[in-house]
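Notes to accompany the following structure.
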Amino acid sequence: MAEIQLRNVGKRWGSFVGVDNFDLTIADKEFLVLLGPSGCGKTTTMRMIAGLEDASEGDILIDGKKVNDLEPKDRDVAMVFQSYALYPNMNVYENIRFPLKVRGIDPSTHDEKVRRASAMVELDDFLHRKPAELSGGQRQRVALARAIVREPNVFLMDEPLSNLDAKLRVSTRAQIKNLSHELAVTTIYVTHDQIEAMTLADRVVVMKQGVVQQLGSPTDIYDKPANSFVASFIGNPAMNLMTGIMAGGTFEAQNVRIEGLHAPDGPVTLGFRAEDAGLGDAGHHEITAPIYTLELLGDATMVTVRIGGELVAVRAPKDFRSEIGDTVSLSVPAAICHLFDAKTGARIEA
Amino acid sequence: MASKAQRMPLGLRILTYGFVLVWFILAAFPFFWTFWGSFKVELDFFSIADWTNALTGERTKAAYDSAFTGAAYKGAWVQEEFWRNVINTFIVCFFVVCTSLTIGTLGGYALSRSSFRYTFWLLITALIFRAMPPITLVAGYLLPFFEWNVWGILPTTIIVLVAINQPFTLWMLHSFFQNIPKELDESAKVDGCTQFQAFRHVIVPVMWPGVITTGLFSFLLAYNDFAVTAMLLSESNRTMVPAIAAFLGTTYTEGNVMFAVAAVVSATAPLFILVMVFQRQIVSGLTAGAVKG
């Protein structure tokens, strides 16, 4: 049971702004993901909530109680670190038990709690091992078990999957999703991987250079990016962006002509997603350009062309075959296009 | 079995083993020679007439009917009461190690976790003090110690040795602590520890090899020190090293030099045992951080 409120929270080191004026209420049991490139302030925000970093300004409230001056141990949060931070001298059992021990929780309940937590992350067979004798994925699960063992109010996870290989990342991601559903605890999850954000989050906060760019559900952020930065950060591949001139509802750039758009005349940035577009036909051939590269993905073929220095990718059927350098026409109807201000990058609503 | 590529040519192998053998003899000979000689009389071991007397023990045979005698040990330990010096040495070592390790671990930890600039300058200052020869400090201490009437006693020496020793332990432990990731502290704090509990329950157990290694070096410094103990201790409070020097200084009486030889052997033996016992910790302490844990 915990609602977290951040009221105009900021963090400065001298003149450097780490986090600027962060204002957000995280609902009880919500799974919130802080997403952004490295150095965007997402980890700092989490560390301020944990109490490992002092907020330079603003208030942090957990359950309506101001916690700015509380030690980490008094905030009733649990954290999973990127490096896992397991205690190397203790075995798995002792690692998981440690939070119970230092908090003086009735020793007779320890064994049951440790075994329940370890069962949840399928570590039963490894309880006697030292962290050094575990694989990366197992260490990660020990860190998770240590976080859940004392049933805290808030979970904080700092890029917990980034040290795992790609395959393990997918399965552990599923495990975290299932775990958070089962435990129903307010969770804040920091990542730079947009797929993790999309798959796990109830709401996503996209950050850049300490400033919140957009806050919304994964669908919001995917379908209606608030600016060109969010558009270029979310999606795999990221949204295609190209700059051109808008005149009378028609967007024009080299080899590109898209009609039927609604935006004031002048320079704009136009974006669309590779999977929304397709190969052109007699009716739709907004882009006609030589093929820059072709990538076979198995379920589709990615056709990339160059528009004014930018690479623009379009998803074509999997049996599409052509040669690099051949001219291809692509269909980009106005309905799938997103328009952004060429200078500020802000979204232009149709 | 070694593959052909790994096998060394015969000549090279002889050369390698030969070199190791020569080095071993060079390094170990003085110890064996002293150990051997400590069971002779002075006229044999320091014979001017014929150095082979030290091997055969002519005079020793004449005096004690045997080529070996424990007379030097008896003289040193019983007659000169060398055991008092041994006890003094261990008192000094014990307190020097305990004090400098306590201050060193706490200080090294604080410095390694502090984000302030001045920590760097504190460490540099410590290094400068470490670089000075101890004797330069002792000269300055002497007058105030006489005035305050604290000269010649063990506690004074312990304090001075700790002061000389501290920069080194601080540096060494500081670098050990820096190899321990900060996340470990932070994780402990989130798990429910105060800063001190995190230090006590999480960091120190991980640091243990480093503490042992530093403690051993600190022990050796106190054990081997001559400059400070010779200047600051009165005759009745001497530790082993100045006592040995005193035996050597009184060559007018026959046999006193042999007391020194016997005392040297007595003083060296514990060091061998100590290093043997702790060798594993020393090596793991010295290489800690070299491998990512």
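Easy rule for this one: first residue shown is 1, then count along the chain.
Cβ atoms here come from the backbone N, Cα and C positions, even for glycine.
What you are looking at is a predicted structure, and each value in this text was computed from that prediction instead of being measured.
Annotation comment: TrEMBL describes B:86-276 as domain 'ABC transmembrane type-1'.
Long-range Cβ contacts of the transmembrane segment (B:12-36) within its own chain (Cβ-Cβ under 8 Å, at least 6 residues beyond either end) map to 54-55, 261, 264-265, 268. Taken from TrEMBL, the feature transmembrane segment covers B:12-36 (among others).
Through the fold, the transmembrane segment (B:86-111) approaches residues 119, 122-123, 154, 157-158, 161-162, 165-166, 169-174, 176-177, 199, 203-204, 207, 211, 214-215, 218-219, 221-223, 229, 233, 237-241, 266-267 of its own chain, all at least 6 residues removed from its boundaries and within a Cβ separation under 8 Å. Marked as transmembrane segment by TrEMBL: B:86-111 (among others).
Look at TrEMBL and you will find B:118-142 (among others) tagged as transmembrane segment. Only residues 6 or more beyond the boundaries of the transmembrane segment (B:118-142), in the same chain, are considered here, and those with a CB under 8 A from a CB of the stretch are 111, 151, 160, 163-164, 166-168, 170-171, 174, 225, 227-228, 231-232.
Under the heading transmembrane segment, TrEMBL lists B:148-173 (among others).
Under 8 Å from some Cβ of the transmembrane segment (B:202-223) lie the Cβ atoms of residues 89, 92-93, 96-97, 100-101, 104-105, 109, 161, 164-165, 168-169, 172-173, 176-177, 180, 184-185, 187-188, 193, 240-241, 271, 274-275, 278, 281-282, 284-286, 288, all in the same chain and six or more residues away from its ends. The feature transmembrane segment is assigned by TrEMBL to B:202-223 (among others).
Residues annotated as transmembrane segment in TrEMBL: B:257-278 (among others). Taking Cβ pairs closer than 8 Å, the transmembrane segment (B:257-278) reaches residues 31, 34-35, 37-38, 40-42, 45-46, 71-73, 75-77, 79-80, 82, 85-86, 89, 212, 216, 219-220, 223, 240-241, 243-244, 247-248, 251 in its own chain, all 6 or more past its ends.
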